[in-house]
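Peer 1: Grabbed the feature section from TrEMBL, which reads as follows:
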TRANSMEM  6-22  transmembrane segment
DOMAIN    54-176  domain 'Multidrug resistance protein MdtA-like barrel-sandwich hybrid'
COILED    88-153  coiled coil
DOMAIN    90-141  domain 'Multidrug resistance protein MdtA-like alpha-helical hairpin'
DOMAIN    193-270  domain 'YknX-like beta-barrel'
DOMAIN    278-337  domain 'Multidrug resistance protein MdtA-like C-terminal permuted SH3'
Amino acid sequence: MRRYLIPIIIAIPIIGVILANLSRRPGKRVRVEKVTYRAIIQKVTGSGSLRAKRQVEISSQIIGQVKRIYVREGQLVHKGDLLLKLDDISYRAEFKEAQAQLEDARRNFNRKKQLHERRLIPDEELEKAKLALRVAESRFELARDRLARTEIRSPITGRVLSVDVETGETVLVGTMNNPGTVLFTIADLSQMIAEIEVGETEIPKVKVGQRAIVRVDALPDTSFPGRVVKVGYMPIKTMTTLERTTDFEVEIEIENPGLLRPGMSAEAEIMTRTRDHVLTIPIQAIAKRRKGMETITTVFLYQDGRAIKRRIKTGLGGDQEVEVIEGLKDGDEIITGPYRILAKLKDGDRVVKER
């Protein structure tokens, strides 16, 4: 019996020393932040591309051969500026003929009118002359209009995005089945529209009038404030490598300081909800677990060198912060990381603040 008691007696002090050393070991090093009041913004993000808010494709309304082009691609033009001249020989001849016919019809009507006043011709003959005058006036107006249309002018102030014809080319008039020859594309680039695709789970949050921030790949250090002007109702179905997704188009209007161009790739953040002066904590401090049908949300407080688990209730969530409705107060210190420590942390563990 004494043979077994001696090792036990020797082991007891050793175990005591080990336990004492363990109790004096420093805790796990953790990052700690204070719970504070601040504004929190909920955002919806999406990507897409830019287009000009106002863009027109200019076509000819008469058939003709291009005689001269007055503008080049990239040029700034004003409303009414001459862009292109069609060969007007046939249209000018038509105009002169119609003008001469109008003068003849007008003289004939005046003569018939005088005769009618003297009761030398019947009413029917005067009406016939009046009708001939109206027909001549209509032909003259048509010929004058067709001659004027040999000069193509800009309907807006903007920049020439493309010149789609060459000198000597014959341009065609559009019909119901044929759009005709597009001569120029001109856009007012002072205001742009970011056409952004938003996922089906996020689109219910987006409303017309909400503020947004747009960024383009070509200018990564610059952001452009805007507002939502249209929320689409028709889905855009796209195939990814893994699954089929359903998005909806959102249009955001932004001012262009002269840096943006149609077709640029864009990303947008839409501010869907904002709350001022609410208790917030970093999102990485939160842990969630299921308990039956309920989701339990917890954080670890830092108190006297120990991690204390606390159940909380959260509200509005932003990109980096979450609103706290219950469970914490202003000034409380919570553990926010590192993740490898936080993921294994238990209630009551010894911890040390990182300096």
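Each Cβ is built from the backbone N, Cα and C atoms, and glycine gets one as well.
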Peer 1: Pull the DSSP breakdown for the domain 'Multidrug resistance protein MdtA-like barrel-sandwich hybrid' (54-176) and write it out as helix, strand, coil residue counts.
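Peer 2: Taking the domain 'Multidrug resistance protein MdtA-like barrel-sandwich hybrid' (54-176) as a whole: 55 helix, 30 strand, 38 coil.
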Peer 1: Which residue counts does DSSP yield for the domain 'Multidrug resistance protein MdtA-like C-terminal permuted SH3' (278-337) in the helix, strand and coil classes, in that order?
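Peer 2: Output for the domain 'Multidrug resistance protein MdtA-like C-terminal permuted SH3' (278-337) reads 3 helix, 42 strand, 15 coil.
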Peer 1: Can you count helix, strand and coil residues in the domain 'YknX-like beta-barrel' (193-270) using DSSP?
Peer 2: 3 helix, 52 strand, 23 coil
